[in-house]
Amino acid sequence: MASSDKTIDDSLYPIAVLIDELKNEDVQLRLNSIKKLSTIALALGEERTRSELIPFLTETIYDEDEVLLALADQLGNFTSLVGGPEYAMYLIPPLESLATVEETVVRDKAVESLRIVAAEHSAQDLEIHVVPTLQRLVSGDWFTSRTSACGLFSVCYPRVSQPVKAELRANFRKLCQDETPMVRRAAASKLGEFAKVVEIEYLKSDLIPNFVQLAQDDQDSVRLLAVEACVSIAQLLPQEDVEHLVLPTLRQCASDSSWRVRYMVAEKFVDLQKAVGPEITRVDLVPAFQYLLKDAEAEVRAAVATKVKDFCANLDKANQVHIIMTSILPYVRDLVSDPNPHVKSALASVIMGLSPMLGAYNTVEHLLPLFLIQLKDECPEVRLNIISNLDCVNDVIGIQQLSQSLLPAIVELAEDSKWRVRLAIIEYMPALAGQLGQEFFDQKLRGLCMGWLNDHVYAIREAATLNMKKLVEQFGAQWAEQAIIPMILVMSRNKNYLHRMTCLFCLNMLAEVCGTDITTKLLLPTVLLLASDPVSNVRFNVAKTLQKISPFLDSSVIDTQVKPTLEKLNADTDVDVKHFASEAIAAIAAA
């Protein structure tokens with residue numbers, strides 16, 4: 001490229017380089033040249049880009065999918081390089097060719113670029129250049145061109161004349177009835193998007209019959225895409241029309257013979273609920289929701305279980321509690337003991353959210369027993385999800401009630417055999433401590449937090465040290481001095497060197513939150529004592545700890561106590577101890 005800048009008079013140079021590189025056997029080189037197309041177009045100028053570069057690219061569309069994908073992507077941003085919107089039609093031929101290739105990702109990218117370029121056309125140019133392209137794609141022999149056509153209707157339709165609109169609706173109907181399932185699938189996936197731009201009378205007369213037909217297709221991959229269109233169509237129609245035009249199809253999808261269709265209904269349920277409004281929800285969607293909660297397929301039950309909280313939150317406020325208590329909770333109760341762990345886990349992640357809706361009495365009477373069952377579930381994920389959302393319930397029933405009901409189960413989990421469950425409890429502990437208060441925490445949970453420091457799993461010990469720091473942030477340095485530092489310092493005398501190392505890790509963390517006075521008076525002497533530990537791993541962690549806590553010490557203490565200890569460690573026989581000691585000396589000197 002540098003030589004082309006110098007010899008700008010040699011106007012054939014950029015295109016010659018491109019031709020050479022596009023014919024090179026190395027795919028990477030061809031890919032790189034495509035990615036430089038905009039630079040080449042700038043060198044050629046707008047006119048030569050239109051007359052030479054674009055025709056050349058159109059003729060050479062046979063390559064690796066990777067190269068074609070890059071080309072389809074580049075052409076979407078090319079309008080300014082061919083001279084602006086009035087020349088955008090020059091980009092249509094290469095993109096049309098790319099929209100017919102076999103590889104789906106290339107076609108999708110070409111359609112995406114065609115949509116960008118089509119939007120840049122004037123209304124007149126759209127009818128002259130883009131609509132004929134769309135019609136050619138619709139009547140293409142290969143299904144690839146017909147699937148690509150589906151993505152262009154919504155861009156063209158709003159800006160063309162009435163006769164052309166009628167033609168486009170007829171073409172879309174043709175694609176909805178195509179003999180190839182892939183084309184019907186593409187039409188179903190774009191139906192909702194097209195519905196948004198079609199006038200309401202034609203939505204009812206033309207598109208809803210297509211929707212009903214696609215929702216009854218013999219291929220479940222087509223039927224499940226019709227569910228998405230159902231949401232868009234319901235949002236566009238008045239309530240009374242939704243009732244007789246959309247609901248029959250929705251009911252049929254909710255009880256479809258294919259679990260994949262029912263799964264899609266479950267996934268889209270809250271969107272459907274918002275689209276149809278509270279009255280239809282109460283009469284029609286609540287029974288459908290119950291039906292899905294009892295579905296034979298675990299995947300469907302899991303999908304609908306994740307929607308329990310949102311579905312209940314969007315119920316009509318006047319009847320919300322009544323509907324939840326009578327129509328939803330009995331089904332939720334069954335899911336709590338579902339045989340499938342994914343279903344129980346999905347429910348556990350949202351069930352706590354019902355508490356604010358139901359209020360204190362109903363939470364204590366009806367939800368707490370379910371939480372207790374889930375806290376004792378054999379599946380760690382279920383227990384984890386309940387613990388993570390305890391704050392929702394605390395806000396409603398208060399910590400006293402919560403601690404009486406759930407704390408024994410939480411204590412049990414803190415000693416769970418699965419280390420990930422113990423880890424989750426540790427991570428939740430600072431929040432729980434804040435909710436319970438210092439006195440309650442000291443009585444019931446402080447012992448647990450100390451016990452984790454001696455856990456046999458390193459990840460637990462590491463999390464437990466961070467937990468200590470967060471607890472001190474919560475309760476203050478004075479609490480730390482009285483309640484936990486003495487217990488941590490005892491660990492420095494443990495026979496197991498891993499416990500001595502954990503003691504150092506804790507002191508690292510605590511120095512940050514305890515301040516200079518406590519660090520100098522209580523923490524530093526223990527660190528210095530461990531400098532003569534027989535285990536080299538402990539000694540080099542002493543060097544690292546001294547480096548970390550030095551910002552919280554006075555310079556006089558550093559000179560009289562820290563530096564002599566580091567000098568001693570720097571002369572250690574162990575190479576790692578010497579390395580970390582010299583690093584610490586350098587860091588302290590630079591500070």
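Backbone N, Cα and C atoms are what each Cβ position is placed from, and that goes for glycine too.
Summarising the annotation, TrEMBL assigns repeat 'HEAT' to 14-52 (among others).
According to TrEMBL, the feature repeat 'HEAT' maps to 168-206 (among others). Mean per-residue pLDDT, taken over the repeat 'HEAT' (168-206), amounts to 86.
For the repeat 'HEAT' (207-245), the list of distant contacts is 169, 172-173, 176-177, 181, 184-185, 187-189, 191-196, 198, 200, 252-253, 256, 258, 260-261, 263-265, 268, 271-272, 275-277, 279-280: same-chain residues at least six beyond its ends, Cβ to Cβ under 8 Å. Here TrEMBL flags 207-245 (among others) as repeat 'HEAT'.
Here TrEMBL flags 246-282 (among others) as repeat 'HEAT'. Sorting the repeat 'HEAT' (246-282) by DSSP state (H, G, I as helix; E, B as strand; all else coil) yields 31 helix, 0 strand, 6 coil.
If you look up TrEMBL, you'll see 285-319 (among others) marked as repeat 'HEAT'. Per DSSP, the secondary structure of the repeat 'HEAT' (285-319) breaks down as 23 helix, 0 strand, 12 coil.
Positions annotated as repeat 'HEAT' by TrEMBL: 328-366 (among others). Each residue of the repeat 'HEAT' (328-366) gets a DSSP state, and the totals for helix, strand and coil are 33 helix, 0 strand, 6 coil.
Annotation comment: TrEMBL describes 367-405 (among others) as repeat 'HEAT'.
What TrEMBL records for 406-444 (among others) is repeat 'HEAT'. Residues 368, 371-372, 375-376, 380, 383-384, 387-388, 390-391, 393-394, 399, 451-452, 455, 457, 459-460, 463-464, 467, 470-471, 473-475, 479, 483 of the same chain, all 6+ positions outside the repeat 'HEAT' (406-444), place their C-beta atoms under 8 angstroms from a C-beta of that stretch.
Sequence annotations record features per position, and here TrEMBL assigns repeat 'HEAT' to 523-561 (among others). Secondary structure of the repeat 'HEAT' (523-561) per DSSP (helix as H, G, I; strand as E, B; remaining residues coil): 34 helix, 0 strand, 5 coil.
Annotated repeat 'HEAT' per TrEMBL: 562-591 (among others), in sequence order. If you look at the repeat 'HEAT' (562-591), the same-chain residues 6 or more away from its ends with a CB under 8 A from one of its CBs are 524, 528, 531, 536-537, 539-544, 546-547, 550-551, 553.
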For the repeat 'HEAT' (328-366), find every same-chain residue at least 6 residues outside the stretch whose CB is under 8 Å from a CB in it, and list them.
286, 289-290, 293-294, 298-299, 301-303, 305-313, 320-321, 373-374, 377, 379, 381-386, 388-390, 392-393, 395-398, 401, 405
Helix, strand, coil residue numbers for the repeat 'HEAT' (562-591) per DSSP?
25 helix, 0 strand, 5 coil
Per DSSP, what is the residue count of the repeat 'HEAT' (168-206) in each of helix, strand and coil?
31 helix, 0 strand, 8 coil
